[in-house]
Amino acid sequence: MKQDLLTFADWTPEAMENLLQLAIEIKQAPASYSNVLAGKSVVALFEKPSLRTRVSFDIGINKLGGHMVYLDVQSGKLAGREDSVDTAANIACWADAIVARVFSHDTLTTFANAANIPVVNALCDKYHPCQGLADYITMFERFGKTKGLTMAYVGDGNNVTHSLLIVGALLGCNQVVITPQGHEADASVVAHAKTLAAQTGASIVESTELNAAKGADVIYTDTWLSMGDETPLATIKEKFMPYQVNEALMESSGARYVMHCQPAHRDLEITGSLIDSDKSLLMQQAENRMHGQNAILTQLLSA
Ligand code: CP
Ligand code: NVA
């Protein structure tokens, strides 16, 4: 039976750990994986812009011996022409997998039900699982483990927060989620992550106070306004500015590294100087997007 990768929420800690190790193996010995997608084609359908996800999937699939077709659904020329079920069923006539970046998570479940080929979530309103995987690969590389580490996420509770919570819980990484009031992570995702964390011994704490980051190994942040959110920056800037990830927070928390999924907005959610500092893991995270995704595709398509 085909498997999709929409959230990681139904994965076991063991399966998550194995996938992380597969990604590291592929990164270290790419030649051993250069044919796993030979003769296979992946359709990448994007309803929103992307640099990292689009390019890392395209080049990554090429490195596995496969072929990617990019489908632009942002221009308006494809949007609304037919129902999502029909789009997905047609793609499944030719392709071996669908990678999709969509506005609504429901579109992904529609695709997954309509297509008899694997569907991979390349970001939706609720999750960004490929990002979460890359980020814990990065932490593993830096610390030699994920279990027992603490990540403090500071900023808007969003799709990236949710995937960090789920993947982190499965990998035994403690989470502190610090958001301004009214911008918390989704309560049902937090509750589910806590049930996963109970299996690995990880803790999950929510706070509106920056001092909750004290003792964290890494500080993580993301944009205050996610794609599709038309809220004017001016209306939220004052509320979010105290949550800026900067040198003072790195100092007071004692964190060794700073992380951000990017695109980053210099001197808003993170200072430009911190991005450019030796505490920054941003480019390593970006690089690991490809290796993590290649592990996902290897697992879903070589089964
Ligand atoms: N981090 C990430 O998903 O970047 P893109 O939006 O550029 O793909
Ligand atoms: N939360 C951000 C992540 C971008 C990679 C967004 O959805 O726009």
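Even glycines carry a Cβ here, placed using N, Cα and C.
The domain 'Aspartate/ornithine carbamoyltransferase carbamoyl-P binding' annotation in TrEMBL covers 4-141.
The domain 'Aspartate/ornithine carbamoyltransferase Asp/Orn-binding' annotation in TrEMBL covers 147-298. Here the domain 'Aspartate/ornithine carbamoyltransferase Asp/Orn-binding' (147-298) returns a mean pLDDT of 98 for the predicted model.
Remark: secondary structure over the domain 'Aspartate/ornithine carbamoyltransferase carbamoyl-P binding' (4-141) totals 66 helix, 21 strand, 51 coil, with classes taken from DSSP.
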